[in-house]
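Feature annotations, courtesy of TrEMBL:
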- Ser220: active site, charge relay system (ACT_SITE)
- Asp346: active site, charge relay system (ACT_SITE)
- His375: active site, charge relay system (ACT_SITE)
- 140-381: domain 'AB hydrolase-1' (DOMAIN)
- 25-49: transmembrane segment (TRANSMEM)
Amino acid sequence: RPCRAMDWQVLTRELSLYLESQVRVGFFGSGVGLSLVLGFGVAYACYYLSSIAKKPQLVATNDSFCRFLEEYCPVVTETYYPTIWCWEGRMQTLLRPFITSRPQVQYRNELIKTADGGQISLDWFDNNDSLYYPDASTRPTVLLLPGLTGTSKESYILHMIHQSEMLGYRCVVFNNRGIAGEELLTPRTYCASNTEDLEAVIRYVHSLHPSAPFIAAGVSMGGMLLLNYLGKTGRDTPLMAAAIFSAGWNVFESVESLEKPLNWLLFNYYLTTCLQSSISRHRQMLEKLFDMDLVMKARTVREFDKQFTSVMFGYRTIDDYYEDASPCRKLKSVGIPVLCLNSVDDVFSPGHAIPVETAKQNANVALVLTSCGGHIGFLEGIWPRKCTYMDRVFKQFVQAMFEHGNKIFSM
């Protein structure tokens, strides 16, 4: 609620008089000092409650989908309270990997072959101790897609698996080629636009458990890849729904944002070195097709994509690749229910590039837009070690779809 001036003055005066009577020495023992400290605190609290803590914007043209989310996934309609000392987008993005816990997960690794002679590493969490779904053949399955250089070891993936474990679900993490410790058998890695490997993984997982309900969740580039797949396949997919987190909707806008001086210093250069590191151990295989010395000189993601990614996947120019990789161009064709969470202060996916109007043209799509949260941040609570807002959205939506998905377009 807005703070009234009279209330603030009365509160400040009373607390100042009380504290001054308790402490008589130093700056903070003076009425002036205490008034300044208390005044700042009250002003900050007022600013936080009026400008920072807000309900997310829910964009969905289908009233039935909205009612479904309001009843079974209420977190998307509740006020999001970012961590009070860390609400700015860049800070949230930088701190999450260091501040959040890393739940212990025991994986079962599996390597599957691809049509071109390559291999893909899948990390399974079978959840064989599931009390809710003891029958493995019908145990709900969640396919998880990490970000650009991420693997099954990322904290956000571990938290998603932890949430799924409590609900009794099985999880499988799709690690992009060459990223999770396995060898490259062919001179090919991955990109946001080419969905062939994802299609192979979805077919394979579904063939193992054809009677199990099947949902996918993608984070950052994993979300972009999943959206591009859904835009390509429409309704022709074994997936019943999908959840997307912090996707870059328009790659042109994303790279432009990341090339601003501060963002380049904080994110772009580091991400470029991560990309280079991910391919450096495969140098002997990749040198057959690429000038690796030139690739390793890249100082931005755009330079890396120009010298490596776009060339690998046969694009004439980097602009052709970025156009094909941008999910905003395929959103109209998505044929299953999809929930997409973005923060408008995400420097990886600027708020103005989120395709709100396009989403309104597809009854299967719902956007949840928060004012704060950064890129895969969404920290909340005084000390955000455990569950984040993103984790809660994931848990509620996946549970809603598995348990009540047949009601989504009939409410």
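Glycine too: its Cβ is placed from the backbone N, Cα and C atoms.
Remember, TrEMBL labels are computer predictions, not curated facts.
The model shown is predicted, which means the values in this text are computed figures rather than measured ones.
Taking only the Cα positions, the spacing between Ser220 (active site, charge relay system) and Asp346 (active site, charge relay system) is 11 angstrom. When the Cα atoms are compared, His375 (active site, charge relay system) and Asp346 (active site, charge relay system) turn out to be 5 Å apart. For Ser220 (active site, charge relay system), the count of additional Cβ atoms within 10 Å of its Cβ stands at 26 [all protein chains shown]. Long-range Cβ proximity for Asp346 (active site, charge relay system), meaning a same-chain Cβ under 8 A and a gap of 6 or more residues, is found for Gly89, Thr93, Ser246, Gly373, Gly374, His375. There are 25 other CB atoms within 10 A of the CB of His375 (active site, charge relay system), with all protein chains counted.
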